[in-house]
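Lifted from Swiss-Prot, the feature list:
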BINDING   CYS377, CYS437, CYS440  [4Fe-4S] cluster binding site
Amino acid sequence: MDSGEMHHPYQAFSKVGKCEISQTNPSFSSGMRCLVRSADIQFKGICGLTRGFASFNKPPQTITEKIVQKFAQNIPENKYVRSGDYVTIKPKHCMSHDNSWPVALKFMGIGAKKVFDNRQIVCTLDHDVQNKSEANLRKYKNIESFAKGQGIDFYPAGRGIGHQIMVEQGYAMPGSMAVASDSHSNTYGGVGCLGTPIVRTDAAAIWATGQTWWQIPPIARVNLVGQLPKGLSGKDIIVSLCGAFNHDEVLNHAIEFYGEGLNSLSIESRLTIANMTTEWGALSGLFPTDEKLLAWYEDRLKFLGPNHPRVNRETLDAIKASPILADEGAFYAKHLILDLSTLSPAVSGPNSVKVYNSAATLEKKDILIKKAYLVSCTNGRLSDIHDAAETVKGKKVADGVEFYVGAASSEVEAAAQKNGDWQTLIDSGARTLPAGCGPCIGLGTGLLKDGEVGISATNRNFKGRMGSREALAYLASPAVVAASAIAGKIVAPEGFKNAVSLVSAVDITDKVNKQTASKSSTEAVDSETAIIDGFPSIVAGEIVFCDADNLNTDGIYPGRYTYRDDITKEEMAKVCMENYDSEFGKKTKKDDILVSGFNFGTGSSREQAATAILSRGIPLVVGGSFSDIFKRNSINNALLAIQLPDLVQKLRTAFANESKELTRRTGWHLKWDVRKSTVTVTTSDNKEMSWKIGELGNSVQSLFVRGGLEGWVKHEISKSN
């Protein structure tokens with residue numbers, strides 16, 4: 001972004017400077033070549049929860065835009081949604097898991113008594129299923145009782161991971177839209193359903209009103225060319241994509257996959273890829289409805305029987321008759337190309353999905369492992385278990401290695417038991433876990449301890465995610481994980497020991513979205529912003545600088561506190577940022593302005609990442625950029641946030657020669673004049689810098705005045721009563 005330009009996190013606008021890059025990445029191996037063509041985007045600042053919709057005469061739309069059009073509410077006749085629009089959505093289904101009870105408490109706390117549509121809601125218990133404490137069992141019982149009392153579909157602990165159930169049981173269907181209060185809702189895109197994460201407050205709003213708000217992200221098109229070599233899987237593809245395009249190319253985008261390479265991908269591989277588009281930084285990962293997907297649903301229909309309420313002949317015939325496809329000429333912000341034929345078994349880490357190596361390369365480094373994991377909504381499906389079983393057949397897990405296996409659902413486990421794969425894994429020395437999330441979220445048996453190295457077929461390897469912060473975690477396919485468990489170190493499966501290491505090529509060429517630019521150019525943002533009663537016209541304080549990019553939600557609010565529903569505001573304030581900097585609490589005070597780097601708040605959907613900051617008395621966070629989920633949590637919980645990359649760069653320059661501090665009191669002061677839409681920063685030597693930013697409109701202000709989305713919903717309910 002050009003110096004001095006910025007935008008408000010609730011708005012997407014300002015010109016993104018043209019970028020042409022030709023580079024090589026020596027660390028990126030396995031003969032992969034990648035091309036990306038990135039379009040220059042211009043968005044106009046829209047300050048409220050609604051904006052003017054595209055008024056063109058049937059403009060070409062992407063698959064994402066078409067699905068949103070189908071589920072958007074109160075759109076004027078003959079108006080077509082597009083990327084950048086704020087819309088009110090009424091998703092077909094909304095899933096929540098162990099956080100269902102906090103959602104229920106929010107729901108009841110806002111004065112709601114009966115859910116708007118009990119056929120819209122799904123409750124599953126999957127995260128902490130190994131925890132048999134009285135408190136957890138009581139919470140699980142509360143969730144079950146609430147669901148049954150409201151007539152909500154409920155799946156108990158042991159039935160499986162919610163995302164897998166959503167797919168198995170047809171809550172996520174082609175051409176539909178489903179959301180969940182979990183960051184891996186992207187998974188549903190593997191079956192052509194637009195899946196995107198929401199947070200707990202959004203879920204409570206949907207329970208009460210059937211609706212919430214969403215801004216359609218910029219949309220990226222990923223062309224998968226070539227055929228995937230035999231022995232590789234979707235995990236190798238998504239790990240490779242995360243490593244090849246590791247400069248936030250698709251951050252906060254909706255992704256659509258297409259290309260000849262789709263024919264070589266099973267539906268389970270597509271689900272794996274869609275699942276980990278979350279770690280790639282995207283808000284959704286959507287595959288098209290094609291013949292392979294329709295054939296998969298025919299098999300599901302045979303398995304489930306003719307009378308299933310969602311997967312039935314009538315539904316499938318309707319999908320076949322009118323599949324939702326992208327229009328010719330639909331605009332995509334980015335075009336990425338990946339040649340599948342050049343891939344080999346891939347490994348990400350340690351402790352980052354952006355660090356890539358081929359398994360063959362790491363094998364030469366003799367990286368000994370202590371634990372291996374085949375679990376999660378990423379790779380706990382039947383084909384994953386089969387790949388691992390084939391790899392370990394007739395062999396034994398290495399001495400000193402613990403190999404944990406858990407199916408994504410009870411249906412998957414039963415099928416693996418029936419075909420013998422489950423017993424094969426047990427015979428090799430694997431330790432089985434109940435169907436659920438477990439070690440992937442850092443809960444239950446088998447967590448990584450200080451100094452240990454683990455390799456996992458899960459989706460997230462943030463430091464401390466799967467146990468100790470002093471452990472190292474790598475991610476890979478089930479075949480690589482199983483082979484490594486047998487070898488006692490990270491290795492490539494048989495047949496890939498001599499994978500050739502070549503340099504990838506990346507070519508980025510920006511384009512201009514003329515359709516958006518022409519619309520945007522007619523809309524001015526120079527007028528003063530009206531301030532509603534109760535909203536401050538000035539927000540000011542001293543800047544505290546946490547100089548880190550990709551500061552994730554585990555760093556802001558540790559996962560071990562996420563499911564403690566009884567934690568107080570004061571306790572939240574004490575643990576805020578402790579995984580990032582244990583000194584944060586001592587260095588900050590009420591009314592400070594927190595400034596951090598780029599992609600702030602990446603990671604899980606836990607809204608405590610926002611509420612913990614508020615608990616410390618910090619009213620405003622400024623970042624180079626924000627994770628979209630954190631942006632939602634900010635809006636929904638009345639934490640102010642401004643995206644101002646130029647300020648971040650100026651702070652980095654100013655303190656470049658000083659000793660490193662994770663949390664720095666700068667002596668700089670920031671003042672946001674909401675009425676004039678300006679931010680002024682005064683340095684410690686009284687130099688001033690100012691930026692014009694986008695307006696914060698009355699609709700968003702009203703959320704803050706009501707204390708967030710929850711308060712707004714409560715107000716709406718009281719009006720209807």
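Any Cβ shown, glycine's included, is placed from N, Cα and C.
Within the same chain, residues at least 6 positions away in sequence whose Cβ sits under 8 Å from that of CYS440 ([4Fe-4S] cluster binding site) are TYR373, VAL375, SER376, THR378, SER456, THR458, ASN459, ARG460, MET466. For the recorded [4Fe-4S] cluster site, residues CYS377, CYS437, CYS440 set the reference point as the centre of their Cβ atoms, and the other residues of that chain within 8 Å of it by Cβ are ASP126, HIS127, ILE161, HIS184, VAL375, SER376, THR378, GLY380, GLY436, GLY438, ILE441, THR458, ASN459.
The Cβ of CYS437 ([4Fe-4S] cluster binding site) lies under 8 Å from the Cβ of ASP126, HIS127, ASP128, VAL129, ILE161, VAL375, SER376, CYS377, LEU443, each of these being in the same chain and 6 or more residues away along the sequence. When Cβ atoms from all protein chains are considered, those within 10 Å of CYS377 ([4Fe-4S] cluster binding site) total 29, not counting its own.
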